[in-house]
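S.K.: Can you keep this structure in mind? I'll have questions shortly.
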Amino acid sequence: MYKLSISPVFLLALISAVPGSLAQTTTAASAEPTATSNAKLHTVAKAAGKLYFGSATDNPELTNVQYISILNDSATFGQITPANSLKWDATEPARGDFNFSGGDQIVNLARANGQLLRGHNCVWHSQLPDWVSDGNFDAATLTSILQTHCSTVVGRYQGEMYSWDVVNEPFNDDGTMRSFVFTDTLGSSYIDIALQAAKAADPNTKLYINDFNIEGPGVKSTAMQNLVKDLKSRGIPIDGVGIQAHLIVGELPADIQQNIEAFTALGVEVAITELDIRMDLPATPDKLAQQKTDYQTVVSACNNVSECIGVTIWDFSDLVSWIPGTFPGQGAACPWDENFVKKPAYDGIVIGFQ
Ligand code: G3I
């Protein structure tokens, strides 16, 4: 009789290749130091008077059973941000051809869990389809394309989103406006157009501009403050500034709290929107201890300013973090490791809210 024989090595390779498979759930526990707190992060944030503690998530991860059981715990995460599925390339891959399958999946999940949502994003230079960037549209056509996109995407989720990153990453690090098809054709007026379209589509969602490298004082933070002042002086709707906070262990800017206060003094709220703190791999006990301190520093800076309304991490597990793919040799940026074990950084967040 024919006997099927599969080599154990082949079997292991097969299991490892399946996302969300057993292989991800049976890896040996980490030998590194781990968190000691049993407090839940959103519960702690609420007790401190914040609106939420949250995480980004992405559709492919939702099949991993360990991942989803943590994400669904609304005492841990009171807020969710779709990391990719509401971006322009996902929602309008061809002109007028809208697709909300990925966005709906995450919105439905958050609704079922009673979690707040941040929409991300209406207009950004990245993940922008070629039909927009290379279409050689004149100003009137591009204005109409932007209005249609923002009002359709924001309107789809009217009443569902606590806030929207209407404009993402408008500045270069030197504080000048980033060049891409919208600034090149419409100048900075594209920001007004996007904010006004979003306001008309969902009058109650909070309209944010979101950027990185504005965690501490400097030319880029000043440029963002000048933009907020200008928008407010002209009656263009703006409710919040999102400080992304993609940071590096041991290299935090000074004066994060004072910098947050410089924004809130302008009459907008602030949220930490994409927090992660990466290190050169491998992780060591020393680096993990510094990372704990750094998470505490950022959370505490937000906690100390009443108009800093919440903190979102840019996904919670090193298994799914964007960092290693973008910064080879770096990683371990999240509060949970790749085996879903809580790291000392978790304790740093809890302490930061006290
Ligand atoms: O969708 C394609 C898929 O069809 C293809 O098979 C696969 C092959 O690589 O790529 C998929 O696209 C990837 C996309 O994520 C969706 O998973 C891109 O390659 C990948 O580059 C993209 O990365 C995202 C990145 O934004 C793009 O700049 C990250 O997941 C996402 O976490 C990251 O998020 C940004 C924020 O939106 C803005 N702030 C910075 C932050 C980190 O870069």
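Glycine too: its Cβ is placed from the backbone N, Cα and C atoms.
OK, TrEMBL features for this one:
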ACT_SITE  Glu274  active site, nucleophile
DOMAIN    35-352  domain 'GH10'
SIGNAL    1-23  signal peptide
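Describe the structural surroundings of these features, if you would.
M.R.: Taken residue by residue with DSSP, Glu274 (active site, nucleophile) is part of a strand. In the shown protein chains, 24 other C-beta atoms lie within 10 A of the C-beta of Glu274 (active site, nucleophile).
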